[in-house]
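Asker: My structure is below; once you've seen it, I'll send some questions.
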Amino acid sequence: MDWLYRKTLGSIGSCSIETFPWPFYSFFQRIYISTPPGKPENSPETSATEVGEQRPSCLSASPVVEEEECEHRPEKNPTRQWPLDSGQGLTKGLKEKKLTPKRLQLLLVGKTGSGKSATGNSILGRQAFESKISARPVTTTFQKGTREFEGKELEVIDTPDIFSPQNQPEATAKKICDLLASPGPHAVLLVIQVGRYTAEDQAVARCLQEIFGNTILAYTILVFTRKEDLAEGSLEEYIQENNNKSLDVLDVACERRHCGFNNKAQGDEQEAQLKKLMEEVELILWENEGHCYTMEFPNVPSKTL
């Protein structure tokens, strides 16, 4: 356990722990607090559509994973192997059989020009969302596309430029509550272009936390576009050697969940990078026993709840 603590803190140099977002502390609380002292750890393709019609509220008191919407699957270790001293898994208290959603909702967020819509197209394996190089936002409404992947239905939600700091968090929260499909995302894909982590990207991450709450980062995966620009280097090397403390802090807050996308890739390469992304999604599901993120917007008027 000390190995994980030292390795994580060591990766961010002299940055003080007080600068970390709340999920960073939550991450270590799950490791340390959950273990008593002295004890060992134990569909056919559809076209993209605007999500503008009235939906059931995403704020529901009912369980986020319904029995009839899930399949039972034997418990297994997550894809990522954590080198814990006990040799056992990171998340504790999972049942031998757990609920695994048959439909997974992935929410794409990112600044204008990050490659967000192109990433959605890569995930879907077709041109479902309009994507082009532009200084102005191309996506102006919530859109979704679906595909089947390894027996699951993936629902990919592409978002307009609502995470800009110019927008009011309360108004943005209401839009999401009214328009986003119930019950909530199983994973948030924060799209960042390789070599271009700017103040705008940081603002998107902050706005994401303001809207959803700090715990949203426990469901967030960093997706780096233009992976092809890394040439012979790996994504891991890029993150470790970029000398951008803000990016490293965000990566730690997201528990080092990240992957790279070449949105020009086709065929086997395209499917391989989707598989890597889904391994990260599976890890989130494993840690949360199959539950999606329960969205709570305290600043939204009660009539929308």
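From the backbone N, Cα and C atoms, a Cβ is placed for every residue, glycine too.
When I checked Swiss-Prot for this same protein, it listed these features:
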- Gly110, Lys111, Thr112, Gly113, Ser114, Gly115, Lys116, Ser117, Ala118, Ser131, Arg226, Lys227, Glu228, Asn263: GTP binding site (BINDING)
- 101-302: domain 'AIG1-type G' (DOMAIN)
- 37-91: region 'Disordered' (REGION)
- 110-117: region 'G1' (REGION)
- 137-141: region 'G2' (REGION)
- 158-161: region 'G3' (REGION)
- 225-228: region 'G4' (REGION)
Asker: Mind checking how the region 'G3' (158-161) divides into helix, strand and coil residues in DSSP?
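Answerer: With helix first, then strand, then coil, the region 'G3' (158-161) has 0 helix, 1 strand, 3 coil.
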Asker: By DSSP, how many residues in the region 'G1' (110-117) are helix, how many strand, and how many coil?
Answerer: 2 helix, 0 strand, 6 coil
Asker: Among all protein chains shown, how many Cβ atoms are found within 10 Å of the Cβ of Gly110 (GTP binding site), not counting that one?
Answerer: 26
Asker: Return the single residue from the binding-site residues list (Lys116, Arg226) that has the minimum number of other CB atoms within 10 Å.
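Answerer: Selected from the binding-site residues Lys116, Arg226 on minimum Cβ neighbours within 10 Å: Arg226.
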Asker: Among the binding-site residues listed here (Thr112, Ser114), identify the one with the smallest other-Cβ count within 10 Å.
Answerer: Thr112
Asker: Return the residues near Glu228 (GTP binding site), defined as same-chain residues 6+ apart in sequence whose C-beta is under 8 angstroms from its C-beta, sorted by sequence, else 'none'.
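Answerer: Expected: Asn262, Lys264.
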